[in-house]
Amino acid sequence: MPLADILLEIWQETFLAIGYIGLILIIFEGGLTSRMDLLKQNFFLSMLAATTGVLFPIGFSYLLLYLGFGYGAVETFIIGAALSTTSLGTTFAVIGGASKDIDLSQTRVGTVLVSAAVIDDVSGLVMSSVIHDLGSISGGANVNLGWLIGRPILASILMAALTPLICKYVCAPLFRRHIEHHFARFDHLSNVVLMVLVLCAFISIAAYAGTSVLFGAFLAGSFLTYLPSKHPEGPFVVYSREHGEQNDDKSPTFVHTFEKYFSDVQKYLMEPLFFASIGFAIPFIDLWTGSAIWHGVIVGIWIPLWDSFAKPKADASRPPLSSALPSAGLLGFAMVARGEIGLLIVEIGYNSTPYVSDAGFYTAVWAILLNTIIGPMVVGLLIKFRGKAIGNGHWGIQTTRGGGGDEKLRSSSGDQTLEEG
């Protein structure tokens, strides 16, 4: 229950729905602007960061809550699962709100962060599904636990594997040969229609397949990034939005269209409602008890320190430790924010199972709140004081393989080398 309880429940549900649309748009924009070439290069590093970011908080929760505070084993797992997720919305908000000196979406550490956060989101979906059905299992219902766990994992793997294959060998050739030259006639209008159709298709497929709708939104943005031709004469290869709008044979890119028609609504309406919707779920008054504050603060402070171990590991061309620490800290603390995903998991455990007590729920909420505040705050300070060093360092902005014209072509797609892979 919100603190003042001013709004009717139907209005709260409306704002939650609008906020969730804003979250989908945040993730969709992240897919549009992500560097797929860097994602491929750093896939195993992203997996390592995501795995570390999941296992460390759960392991530390058992040390602190199960052995230290005497919580139940299943209750500890549910709280640890909530504290092991990464809020995709907060992650992309951090990337989008970075300083003018650094475009995190074009950096190596930013790419690792995005892909690790997406993997964590799928992990969070699996755990939320398992936790939701723990209540049925405890009540004696017949639940296929293997399929329950395997379905979202299998659906996510299939979508991640089939999307680039279908795009590269079916959709992109058809689009480039028969469709894209018509887009120059209608500019933004044709872009908007295609963006809406692709986004709706991907989130529908993700929902029916049993994986995360947010994962579908990210794949939709990545799909659109790769569709247009990367040839210099292609209609989507432009130097700026004005170049695409003013030339008859050119078209603004999908990123340009998003910035013109969706960015302001997302930034000033939907994004604030998304973060406000997190607050709707917080039992504010009930949090202010001595034990809830004590347990929550202890867990909320130590978990970010442990979770910050999810940092880039050095490769053969390892840079000096002092130059790598800011990037490592950026990645580690950016993955600390739990936000809506963490609250969702602990609320499912509290409302759908008999395992999470009131004390455990309040402890988890305190820890999630502190994590969601501490992580972005530290990231903001790192970007403010070390942003240029991160952008120019080993984990910073990477030039696109393939030679000249990198900066010009990057503005049109940011994915020039995907075709080469």
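The backbone N, Cα and C atoms fix where each Cβ goes, and this holds for glycine too.
For the transmembrane segment (15-32), same-chain residues at least 6 beyond its ends with a Cβ under 8 Å from one of its own Cβ atoms are 7, 88-89, 91-93, 95-96, 105, 114, 199, 203, 213-214, 217-225, 254-255, 258, 262-263, 266, 269-271, 273-277, 280, 340. For 15-32 (among others), the entry in TrEMBL reads transmembrane segment.
Look at TrEMBL and you will find 18-381 tagged as domain 'Cation/H+ exchanger transmembrane'.
Positions annotated as transmembrane segment by TrEMBL: 44-65 (among others). Long-range contacts of the transmembrane segment (44-65) within the same chain, counting only residues at least 6 positions beyond its ends with a Cβ under 8 Å from a Cβ of the stretch, are 71, 73, 75-77, 79-81, 83-84, 86, 111-113, 115-117, 119-120, 123, 295, 298-299, 302-303, 306-307, 309-313, 331, 335, 360, 363.
Sequence annotations record features per position, and here TrEMBL assigns transmembrane segment to 77-98 (among others).
Annotation comment: TrEMBL describes 110-132 (among others) as transmembrane segment.
The annotation transmembrane segment is assigned in TrEMBL to 152-171 (among others).
Among the features that TrEMBL reports, transmembrane segment is placed at 192-220 (among others). Among residues of the same chain six or more beyond the transmembrane segment (192-220), those with a C-beta under 8 A of the stretch's C-beta atoms are 23-25, 27-28, 30-31, 34, 88, 118, 121-122, 124-125, 151-152, 155-156, 158-160, 163, 254, 257-258, 261.
Positions annotated as transmembrane segment by TrEMBL: 273-303 (among others).
Marked as transmembrane segment by TrEMBL: 324-346 (among others).
Positions annotated as transmembrane segment by TrEMBL: 361-383 (among others).
Here TrEMBL flags 397-421 as region 'Disordered'.
Per TrEMBL, the feature compositional bias 'Polar residues' maps to 411-421.
Comparison of 152-171, 273-303, 324-346, 361-383 by number of C-beta pairs under 8 angstroms to the transmembrane segment (110-132) places 324-346 first. The transmembrane segment (361-383) makes contact with the transmembrane segment (77-98), as judged by at least three Cβ pairs under 8 Å among residues 6 or more apart in sequence. Long-range Cβ contacts of the transmembrane segment (77-98) within its own chain (Cβ-Cβ under 8 Å, at least 6 residues beyond either end) map to 22-23, 26-27, 29-30, 53-62, 65, 71, 104-105, 110, 113-114, 116-118, 120-121, 123-124, 127-128, 131, 134, 214, 218, 271, 274-275, 299, 303, 334-343, 345-346, 349, 353, 355-356, 360, 363-364, 367-368, 371-372, 375-376, 379-380, 383, 387. Under 8 Å from some Cβ of the transmembrane segment (273-303) lie the Cβ atoms of residues 1-3, 12, 15-16, 18-20, 22-23, 26, 57, 60-61, 64-65, 69, 79, 83, 89, 93, 336, 339-340, 343, 347, 358-359, 362-372, 374, all in the same chain and six or more residues away from its ends.
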